[in-house]
Amino acid sequence: MTNLCFLFLLLLPHFNLVKSQLELNYYSKSCPKAEEIIREQVTQLYHKHGNTAVSWVRNLFHDCIVKSCDASLLLATVPNGVVSEQASGRSFGMRNFKYVNSIKSAIEEQCPLTVSCADIVALSARDGIVLLGGPSIEMKTGRKDSKESYANLVEDLIPNHNDSISSVLSRFQDIGIDVEATVALLGAHSVGRVHCINLVHRLYPTVDETLDPTHAEYLKRRCPTPNPDPKDVLYSRNDLKTPMIIDNNYYKNILQHKGLLTVDEELATDPRTAPYVRKMANDNQYFNQQFSRAILLLSENNPLTGDQGQIRKDCRYLNTN
Ligand code: HEM
Ligand SMILES: *[C@@H]1O[C@H](CO)[C@@H](O)[C@H](O)[C@H]1NC(C)=O
């Protein structure tokens, strides 16, 4: 009897292991170079096409806020099968998906069927942030890939370009991201661009009175008509001063009412968020701290772990067996 008790105590820690979680260096034994290979690929791609790094940051948001960080975003549309989340209007302007395949191929060459696409989404965002001048973030791994696309949920779960700050705050709160962290995450809009199609409602027929008039004139030059052809690549950069740097300039811009989206403008004026906006505008180090914390919260939203999900061989397609 005592022996049995002893055996049980010995096994106890192993039962804990079965309840799997994300961990630091999850691939240290199965693919020790995984994180290095990803960083190398992300760096090479950045030097060829700087905006790939911007895309990895947006990918993290669009993947993780839809149920889980599970690479469901990366699934391509297949005849009579998967409908891609990328086909949703919410994904408008997303780019560089083809380069995810380069990262995945480099990994598969060294460690077949070992490193998930979900971890590639997370780590490429992490490495992209560093290349864009943002903070270094220590990130856990061990995510698994979804066995389905959630294309039908995307419109409910990803905020639209004209959604209010209230709806955005409550959407983030749903996944455990507090107000301060939400303010920090929007700092991602310190890089990249917004297409005219997502802007013109603030310019025509009349200029949104919350928008800085000089900036509105600039935006009207960038977007000269109220009905831009979605196929035209008409856009404005988010941050004219440091367009490829993740920094607190975003907060300075929105305090001057030069934010492009409704949510950017409201972030600076809503009493729940404005105090954080002012603090981040004044203190880049505080912004970096909160941005790191917020990226971790987002990247750890409800992951599939252990024997849930799968590790896709090609991030675009479900495994066939
Ligand atoms: C919460 C409310 C948010 C809304 C309504 C929103 C909406 C948008 C829209 C409409 C665009 C422009 C798309 C285009 O016209 O090309 C955009 C761009 C972008 N968003 Fe957000 N976004 C939000 C939050 C976030 C978050 C939390 C992140 C990341 C942490 C993020 C990262 C980006 C990036 C990096 C771009 C630039 C993409 C590029 O230039 O390729 N956004 N967002
Ligand atoms: C937001 O924009 C969409 C088009 O993208 C439009 O259908 C919708 O009515 C707009 N919503 C609000 C609240 O203005």
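Cβ coordinates come from backbone N, Cα and C, glycine included.
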Quick test of reading the record: TrEMBL lists a disulfide for C111. Which of C31, C64, C69 is on the other end?
C31
According to the record in TrEMBL, which candidate from C69, C117 pairs with C64 in a disulphide?
C69
Do you know which of the recorded positions R58, C111, P159, D239, T242 end up with C-beta under 6 Å from ligand 1?
R58, P159
With C69 (disulfide bond) as the reference Cα, tell me which of the recorded positions H62, P159, D239 is the closest one.
H62
Mean of the pLDDT scores, which run from 0 to 100, over the domain 'Plant heme peroxidase family profile' (21-319):
97
List only the single closest residue to C64 (disulfide bond), chosen from the binding-site residues P159, H189, D239, T242, D247 by CA-CA distance.
P159
Please work out which residue of C69, C111, C196 has the most C-beta neighbours within 10 angstroms of its C-beta, and give that one of the disulfide-bonded residues.
C69
Residue pair R58 (site 'Transition state stabilizer'), H189 (heme b binding site) - Cα distance, angstrom, rounded:
9
